[in-house]
Amino acid sequence: MKKVSVLGSTGSVGKKTVDLLSKRKEEYQVEALSAHSNFALLAHQAKLLNAKYVAISDERLYKDLKESLLGTDVKIAIGATNVAAIPVDLSVVAIVGIAGLGPVMEVIESGTKVIALANKESIVCGGKLLLKKAKEKNVQIIPIDSEHNAIFQILQNDDKCVEKIILTASGGPFLNYSLEQLRNIMVDQALSHPTWNMGKKISVDSATMMNKALEIIEAHNLFNISPDKIEAVVHPESIVHGIVTYKDGFNFAVLAETDMAIPISYALSWPERLVLNYKLDLTKQGKLTFQEPDHKHFPVLKLSMEVLNSSTPQTNSIVLNAANEIAVNEFLKSRIGFLEIVEVVESTMESFGSYTDINSLSDIINIDCESRIIAHKIVESKVVAYS
């Protein structure tokens, strides 16, 4: 029986993971679960999966969680890092944002040998530091993002003579919108993705295509591939998740339905495969289309390449991610407009001036904090100007 932990179990990916695990209790023993604030769902999941440990990040909800688990033997902690330190066979990390970086590092140190990673920000910001530590500890990182999961599967079979990798993007809900239409986007519109069912933050990132920008940086770090060998194409049907082009002209692609249960199950069962009832019928799909991204409407893809080709790519990656997290949060509060998300990111990167060597987790956190302060000031200036 495989021992598993799920960090971020109440988010969209976490809930999918819990659902899969609940149907295979004879194969998986869930040691630990963690959540940010949804104590009621966390308690329900703990009972459902007979988890031994749970952690809540918002310490104000500790008593509520404790009351919800009265009569059980579940041990309760505050903060995901406390349960991340529990060694398991496989840890699923589905925490949103850079908040997942510390727990990922803790999992690597714990003795856990496989990490199923849905937290792209830890790879984007942790970069070489995180991956070096994983290599030292002999930890296998399996990406859950469907695009990187696809590339991972292909490269598992053949990682030599790679010409380029292609990450597909749905284009989000505003693919064919004019700039004037984009200027007037409301929050509920940005949360309505045409092909994927996702959380709020990643839905907005998909709408701005920042999700793909972060994935380009993630692919560079995760697969150690030069930026000039990474390409993004718009594929509205979202059936082809990733393509690897080899030097002899052959292209290998991974195709699957648009359900996160598929890459999650791959990560849970690796190096084996689970039996799932997701059968792709291309005759019913009808057509698969691809097109170049519109960089005028969605400038963040070029921004990610500028980051990777800069003299300080890791620092700039951290700044990019931090500013985006602040901007998306302010957009979700309706304090800034849709197009202003990218404006805040660009202005933050232009204003950031502290470049230091990154040798520790604290170095990353310091850059992240400074970037957030700058981004907040830029947001406030826009709010004042708007009002």
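Backbone N, Cα and C atoms are what each Cβ position is placed from, and that goes for glycine too.
Sequence annotations record features per position, and here Swiss-Prot assigns NADPH binding site to THR10, GLY11, SER12, VAL13, ASN38, ASN119, GLU121, GLY199. Among the features that Swiss-Prot reports, 1-deoxy-D-xylulose 5-phosphate binding site is placed at LYS120, SER146, GLU147, SER170, HIS193, SER206, ASN211, LYS212, GLU215. The Mn(2+) binding site feature in Swiss-Prot is assigned to ASP145, GLU147, GLU215; the stated evidence is sequence analysis.
Annotation note: SER12 (NADPH binding site) sits in a helical segment as assigned by DSSP. Checking Cα-Cα distances from ASN119 (NADPH binding site) against the binding-site residues (ASP145, GLU147, ASN211) with a 10 Å cut-off leaves ASP145, in sequence order. A 10 Å cutoff on Cβ-Cβ distances gives ASN211 (1-deoxy-D-xylulose 5-phosphate binding site) a total of 24 other Cβ atoms nearby, all chains included. Annotation: GLU215 carries the greatest number of neighbouring Cβ atoms among the binding-site residues ASP145, GLU215 [cut-off 10 Å, Cβ to Cβ]. Among the record's NADPH binders, THR10, GLY11, SER12, VAL13, ASN38, ASN119, GLU121, GLY199, no two C-alpha atoms are more than 22 Å apart, and one pair sits at exactly that spread. ASN211 (1-deoxy-D-xylulose 5-phosphate binding site) and GLY199 (NADPH binding site) are 12 Å apart (CA-CA, integer value). Within 10 Å of the Cβ of GLU147 (1-deoxy-D-xylulose 5-phosphate binding site) there are 28 other Cβ atoms, across all protein chains. Of all Cβ atoms in the shown protein chains, 27 besides its own fall within 10 Å of the Cβ of LYS120 (1-deoxy-D-xylulose 5-phosphate binding site). Taking the mean position of the Cβ atoms of ASP145, GLU147, GLU215 as the Mn(2+) site, the remaining residues of that chain whose Cβ falls within 8 Å of it are LYS120, PRO143, SER146, HIS148, ASN149, LEU167, ASN211, LYS212, GLU218, ALA219, GLY242. The separation of ASP145 (Mn(2+) binding site) from GLU215 (1-deoxy-D-xylulose 5-phosphate binding site), Cα to Cα, is 9 Å.
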